[in-house]
Amino acid sequence: MAFGPYFLLASLEGLVTAAVLSLMALGLSLVFGVMRVVNVAHGEFYMLGAVLAWWFSTLVGGHPAVGFLLALVLSPLVVAAIAFVAERLVLSRLKYEPEATIVATIGLLYIVQQLALTFYGPEARPVEAPFNYRISLPWFGYSAYKLAVIGFSILMMIATWFVLTRTKIGLVMRATQFDRETAQAFGIPVGRVYAGVFALGAGLAAVAAVLIVPIQQAHYLMGHDPLLLSFIVVIIGGLGSLRGTVVAAVLIGLSDGIISMFFSPTLAKMLATLAVAMVLVFRPQGLFGTVAR
Amino acid sequence: MSENRKLQMNSASGVSRRTTLKGLGAAAGLIAAPGFVRYGQAQSSEPIRIGFQCHRTGIGAAYGRWYERTTTAAAKRINDAGGINGRPLEIVIEDDGTDPKRGAEVVEKFANQHKVDLVYGTLFSHVVVGSAPAAGELKIPYYVVSEGYHVASGKLNRYCVQPGITDVKAQARSMAPWIADNLGKKVTLVYPDYAFGHDHRDFFTPAIEAQGGQVVAKVPIPPTETSFTRYFPQIPSETEVIYHVMVGPAVLTFVKEMGEFFGNSGPKLFGFIDSLEAVDIKSPGLEFLEGSHFWEGMPRYAQPDQADYVTAYREAVGIDENGASTQDAKDVSTAAHMFGCWETLNIIKAAMEACDYKGTDDRAAMIEATEAMTDMEAGADHPQGKKRFNGKTHQVFGEQSISQVVDGKLKVVHRTSIEDGAYEPEADYTAMSF
Amino acid sequence: MPGRAEGGVTRAMANRIKLTPSAKSLALHAGVVLLLLALNFLLPEYHRGVFARVLVLAVFAMGYNLAFGYTGLLSLGHAMFFAAGLYGAGLTVYHLEWSVWPAFAAGLAAGTGLALVVGFLALRTTGVAFMIVTLMFAQVFYLTTLYFTTYTRGEEGLVLPQSSRVLAFPGGALNLSDPSTRYLVALTLFTLVLTVILFLVRAPFGRSLVAIRENDERMRMLGYNVFANKLASVVLSGLFCAASGAAYAVLFGYVGSGFAAIQYSILPLLWVLVGGAATTLGPLIGTLFMFYVIDTASSYTTAHLLVVGLVLIGVILFFPKGIAGTVRGRWLPWLP
């Protein structure tokens, strides 16, 4: 394939990765930023979102879009509810002690994984895309659904940005993130805010999962790699910076895609990872982060 | 029957066979105490215990579930027919988490805590290789059902055998003639960038060259990858056949993205069904696989001309004509591999009977009895087909199926011969000490 | 992280700082080692094997604890140091047919060298950024072991022949695949590292590490070279982890890239947190505890991950500072 079309393909692929990644990372960034909690179970919420999407989509017959839309609405809600309960039952009792919460979320990871394995099974199962259209370019074919994922993800990001910066909920969240004690002193119910943030973060991961599941498929171990990538995105972007998260996701998606044009795949992956690590080595606060207080 | 009982008591007491036999005869004649007889019976029906190293969790769980079902069915059949040497078979299951470290621990647990007669049933190569040192140190037979090239490579030890399923080297080699004759001679390989994939690359390449073919490109894919489209441009346009083998949860994505990328205009596809084991061929997104070909160890879909023993096997294991569970049509089996469990258990039975296995002291004799095996005829014990075991490499050779996707089902179009896959032994375990 | 400051430090400050472990703590540690020695002869065969493995992995956890528990460096990349030791020893035995001593040394050198480079780069960052940088370096290391599958056999790994796993001495040789020998060698390594750490944390170097963890700004103002101290901690931590990896290779005879994967970076973190961060015996307790939770749960239920998860949450609710850490906080303030 000629360089031009190849470059186009690599960029498209990078953007799809970035779209899904930034949604998932946004959820992690909220939890990480507001609650200062390293949520190792974030990948499992993503997996749960995908598994539930499969389940919801099998509940209804008819056009695949019906099942998909049902999943897109319900799956994040269920996942958010589960996260809310987990936060109230466990994390709040640990008083958000950073180290204890790592252990607790690892425990949560095991529990969710086992439940998925027991009730959903070890197989990979796909969900039918709401529409199946293959765009035939002169050089290669490309899934129209993938482009739709990019679009939808942008919409979700804008919505989240709006909530965070233009609404009272967002204000409360930002205040809690900035200074927990003062927020409490001003009558903000910090505990409830935390539970809400945790649920919202999990819900965003589930949205990302529902979007990805027609491209990939639901599998009980699928949360692993996206978890690592979204941690990387959050920190490279700069903790607490929505803009940074998006830019970092695009950077990682594109560099992954484009570097793979020039080297054998594994070597490309190594070089891309190393390059991104070096960004952090020379800019420890991340791309858009401020120097830690 | 009473002779049999006496013999078994012997080995349990550890006294030399001849003296006890005499003593026993005398004892039985003189004091026929009821308690004593009961003891004898208990000994004779003492089960033979097999430790089944099962992938219940981890990446191999989809296989593990079906390996377990097949094992249960095979053990039931053996027990219904009177067990092994008159003793019932008992399967003890431990989960290895599809992890090589845990695998070694599980072998130790089987040998030292459960005190089983042998360990059996592992699929994933890294668990086999990780567990092999423990099996060798504990001198416990280790019958794997893995299709890896590890056993035949000679790098393991004398206690490791793979008699029920062919290895990747034989599989890859035996595909080459048919691919060159029917699909094309210019092949691009797409494979995971680790040992399993490298084995395919290293064994298929010379085989296709021997057929006058050529590998025009190699695309190794890192196992952490979840999307693949960006690698497809590396497939040269002169490619006539894409030979693909991927494993792990992302495989479906791989096949699907390949379809989107090439549409109907691309090269011919030849894949190893490993990518789609436990996955419904009629899944959304796999439509484009129609017409492409797959290697299958044993056919997933019931074939019109299948032998009665194949039907019986499928019934016993509990799979319907589509290769899915008879309980749940969405629960698709790993038919291309799991037959290995059935056959391996039957070989274990045959080996134990050949060496008149009594207890753990006979473990070496059992390995020797296995090494002495050669041809195995197709039949109820070997439903996948006839096999030829090589005692030196501890590896079995057999026939393979090549199937085409027709109307969303796999239809066998060719069956390779044992000779297509056979290769010269590269090791000799029989020269190693126990 | 305030509140983790050792009760012992303040009290010791009051009556002049002692730079060696107290008699009580020396006696406790000697007792633990003697108990472990006795267990070699008392434990049933299976559990002796388990303990041998746990002792080797506890060294990994102790190495991790030095960086994380004492110095406050939350790394998610320590699998690379363990794996460097593993491969350093394993590949030299397998391909170059080195004997165990030089191979073990090669493992140590590989791990220490890697820790030096990684530490030098990663310590430019702090906090979560350090966590992510180490995670990414470890990911690169993991991919490297796969990239060179020709030599490493990637995920499938290599078996080191039993004949090569022999520890030669001037007066004879130890067969490392013998269960009792293996146990005693593992215990020796464990005791060695435990002793070093026990004395280290009392020594000026160890105390400066804890002080850096509590407030590195203040240490900087007091004229300490914070970077050099942290780097020394990472390198020493890498050395211990590599020792564990190299020992694992020659004692258990298997080398595979699974040990370089992210799980093996999370596991030592988990072992240390469950056992008690910044405690000398916590890593052993955590490693042992986690092994038996999994082993026991999987004997009773096929859904054992569920049990493991519940136990973890239960433990951390009742022992928020890990088992040894909470025991120290509530009952035994002198515990090192």
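Glycine too: its Cβ is placed from the backbone N, Cα and C atoms.
Here is what TrEMBL says about this protein:
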TRANSMEM  A:6-33  transmembrane segment
TRANSMEM  A:45-62  transmembrane segment
TRANSMEM  A:68-90  transmembrane segment
TRANSMEM  A:102-122  transmembrane segment
TRANSMEM  A:142-164  transmembrane segment
TRANSMEM  A:193-215  transmembrane segment
TRANSMEM  A:227-254  transmembrane segment
TRANSMEM  A:266-283  transmembrane segment
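Touching of the transmembrane segment (A:6-33) and the transmembrane segment (A:193-215) is concluded from the presence of at least three CB pairs under 8 A, sequence neighbours closer than 6 excluded.
Sequence-distant contacts of the transmembrane segment (A:142-164) (same chain, six or more residues past either end, CB-CB distance under 8 Å): 9, 12, 15-16, 19-20, 22-23, 26, 129-135, 170, 173-174, 204, 207-208, 211-212, 214-215, 242, 246. Between the transmembrane segment (A:102-122) and the stretches A:45-62, A:68-90, A:266-283, Cβ pairs under 8 Å are most numerous for A:45-62. As a quick check, the transmembrane segment (A:227-254) and the transmembrane segment (A:193-215) miss the bar of 3 or more Cβ pairs under 8 A, pairs 6 or more apart, so the two do not touch.
Residues of the same chain lying 6 or more positions beyond the ends of the transmembrane segment (A:45-62) and with a Cβ under 8 Å from any Cβ of it are 24, 27, 68, 70-72, 74-76, 78-79, 82-83, 112-113, 116, 120, 125-128, 201-202, 205-210, 212-213, 217-223, 226-227.
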